[in-house]
Amino acid sequence: MALPNLMLIAVFTYRPLVANIQYSILDWTLGAETARVVGLANYIEFFTSDDASRVLGTTLAFTVFTVGLSMALGLLVALALNTKVRGTTFARSAVFAPFVLSGVGVGLVWMFIFDPGYGALAWILRAGGLASPQWFNDPQLALSMVVIVYVWKNLGYCAVVYLAGLQSLPGDVMEAAALDGAGGIRRFWSISLPLLSPTTFFLLITTILSSLQAFDLIRIMTPLGNGTSTLIYEAYLQAFGAYNRAGYSAAISVILFVILLVVTVVQIRFVEKKVHYS
Amino acid sequence: MSAPTPMAVVDMESQAPDAHPPPHPRALSKANLARTLAGGYVPLVLATLMVFLPLAWMVLSSLKTPSEIVTTELKILPEQFYADNYVQATTTVPFGQFFLNSAIVTFVGSGVKVLLAILTAYALVFVRFPFKKAIFVLVLVALMVPPQVSILPNFILVAGMGGKNTLWGIILPGLGTAFGTFLLRQHFLTLPGSLLEAAELDGAGHWRRLWQIVAPVSLPSIATVALVTIVNEWNDYIWPLIITDRPDTMTLPVGLTLLQNSEGNTGSGWGILMAGAVLVIIPVLVVFAMLQRYIVAGLTQGSVAN
């Protein structure tokens, strides 16, 4: 009964992990009949060339900013949603909506907004007497732009998860603190936030994992990866971009997988030790 | 969008939003009204606008003439509804074909996935067989392996099988499902044992027990898995992008990339691209609006620590 599914998982999820390691020791042009075993040369090339600092730096910057901003803004939105006024259910769904939309479609919409010539943002800046930055040409601006759109698309997920966390906080504790004269801001920092730490940790891990896998927006908004070549995108470009370097791409995928594995192991360890689940 | 990592599964919807009343009862005074507006509605409206403005801009721009788009003066509303962008978007590239391909891939792909998830979850919960625990761990670990790191080996395998530029080549590698299996297993575990005892005494086999008892009482969970799977299949980009390079087998997101390549460098092409974006985004938005309860629950499943 379970066999077809298990076989598919084995062939298309587990086998590639092994295959990546095999390919990663090859000097192999994608599509070529022959390949040459080069040992660790691909890894050595990655870590000794500019690629390491460029790609790892971009990955780090992208991950830190997308995770930090999605979580901080997500928490703010969750606090805004955690009221009794009418319309919160609708607002909750609305905020979550971008998370389920096609990254390709969303990327195109925002490219038009960011367009330095005819975009809405350029118009707003012009109204304030400013010229639009060249979002697509400057590598750092390109990265900022993709981060902004990524955060727009994903913060609703953080907001909904934080909201569920806020709503499961013990009401009597909050009430007691309020009676003791603790103000709203004080209650948030001293009670809500510490009690939310399991939620924060869960979000930290899941958003790090999904940031490391971000592809759609980067591919649509910055096809050449100018300033936005994270590990996953560099692996894609090396194999399926201009170079067709399958071995080198596989080596980058292995590096990415090791990072993902470390994050996952940290998560499992932490969950076992510190966080209690019923 | 990736499936969240499992930690503990709690149905988000069972958490009543009204469980904790505010500490102070509110009187309808002017001061309170002002506070409600500032503390309640204003942030709420801002958050909603933040989502809706870009999408509204997409729809409005898709209805503007090229001269309304290529202008340094911002016009918010189109002067008239200009449908030519949609004509252009759907004729410059074979949009109908993309739509059909996406529909087939989504329908077949998620259908098979949900079926496999039901079967695997049932076996993991109700059937006795050796190494069950180890197999479950393998499913759980698979949940954490992102499909992105598998694209090169899977491309070489599927292309070698002749799957390049075929619909089955798009569908096949994604069919194994760890996410659906995991969610349904968690749900099946909550079903009372007495539910199946009577059927077992009647001599009903596993097949009948699954389809006559377990599946019908689990419909909401199955619907959640199905919806999340459908949305993911519809939006899936990296794999179809790699395995297709001919328009006749491209799915919508890949086709949109093709449209971007032909229209992206001209300012007036934005209207056409926005029309294309509308055609990709709106179907999902409509489904989401109707069934958001299940989709939000499914995608944030496992997030609430109790």
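Going from the start of the chain as shown, residues are counted 1 onward.
Just so it is clear, glycine is given a Cβ too, placed from its N, Cα and C backbone atoms.
Automatic, uncurated: that is what TrEMBL annotation is.
From a predicted model like this one, the values you see are computed outputs, not experimental measurements.
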Of A:6-26, A:195-215, the range TrEMBL labels transmembrane segment: A:195-215
Close approaches to the transmembrane segment (A:141-164) from elsewhere in its chain (Cβ under 8 angstroms; 6 or more beyond its ends): 58, 61-62, 65-66, 69-71, 73-75, 77-78, 81-82, 92, 95-99, 101, 103, 106-107, 110, 114, 133-135, 196, 199, 202-203, 207, 210-211, 214, 217-218, 221-222, 226-228
Same-chain residues near the transmembrane segment (A:195-215), Cβ under 8 Å, at least 6 residues beyond its ends: 59, 62-63, 66-67, 70-71, 74, 103, 150, 154, 157-158, 161-162, 164-166, 169-170, 173, 230-233, 236, 256, 259-260, 263-264, 266-267, 270, 275
